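J.: Got a structure here, written out as structure tokens. Questions coming.
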Amino acid sequence: MLDLFKAIGLGLVVLLPLANPLTTVALFLGLAGNMNGAERNRQSLMASVYVFAIMMVAYYAGQLVMDTFGISIPGLRIAGGLIVAFIGFRMLFPQQKAIDSPEAKSKSEELEDEPSANIAFVPLAMPSTAGPGTIAMIISSASTVRQSSTFADWVLMVAPPLIFFLVAVILWGSLRSSGAIMRLVGKGGIEAISRLMGFLLVCMGVQFIINGILEIIKTNH
């Protein structure tokens, strides 16, 4: 049981900086301004369900996609590292705030004409939460843990769905309490936390690239 908690904790530490619910909260506040409370709650729930589904598909079907297109693990790690590092750089040095982006503005204009517009899948679930960096991380991690003997087989079966479920629950809770979060930490606080997460993502991306290169060198020797 202790191994299960360790695996879940490790998974959350890896995924949460990539999923970054706080940036999704900032985007949600910009897009859902014209929605009533019930509609905001519905969008929050649907976004969380979509995120869970995307992560499950990436974990269990990602290897099949890799085999179909002939993608190697080192190649995936290097590509995932580049994506993660790029996302981290954008979070460290943002050009536009999420709520001021053209996508958010156009979505806000839609909401003025159609208050019940669906923003749960795009952009809240994808690409804001379960974006390319998150998906690459999940596929790479799935391939790694299946080859590793660190955890028992039953832990590797039970932990991933629980990790994805907890990420979805954290996102749902964050979106449900989006107004309170913004009032508590303020825009400056969210920006500071986002930049810290961006730095962590850059470090993780560089480590991904290093691991991929080392694996290529080891394979060719």
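Each Cβ is built from the backbone N, Cα and C atoms, and glycine gets one as well.
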J.: Tell me whether ASP3 and SER143 fall on the same side of the membrane, as recorded in Swiss-Prot.
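T.: Judging by the topology that Swiss-Prot records, the two residues are on the same membrane side.
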J.: With CB pairs under 8 Å as the measure, which of the listed stretches 8-28, 45-65, 69-89, 119-139, 155-175 comes out on top against the transmembrane segment (197-217)?
T.: 69-89
J.: When the pLDDT values for the topological domain 'Cytoplasmic' (29-44) are averaged, what is the result?
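T.: On average, pLDDT over the topological domain 'Cytoplasmic' (29-44) sits at 81.
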J.: On the DSSP side of things, how many residues of the topological domain 'Cytoplasmic' (176-196) fall into helix, strand and coil, could you say?
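T.: Per DSSP, the residues of the topological domain 'Cytoplasmic' (176-196) fall into 20 helix, 0 strand, 1 coil.
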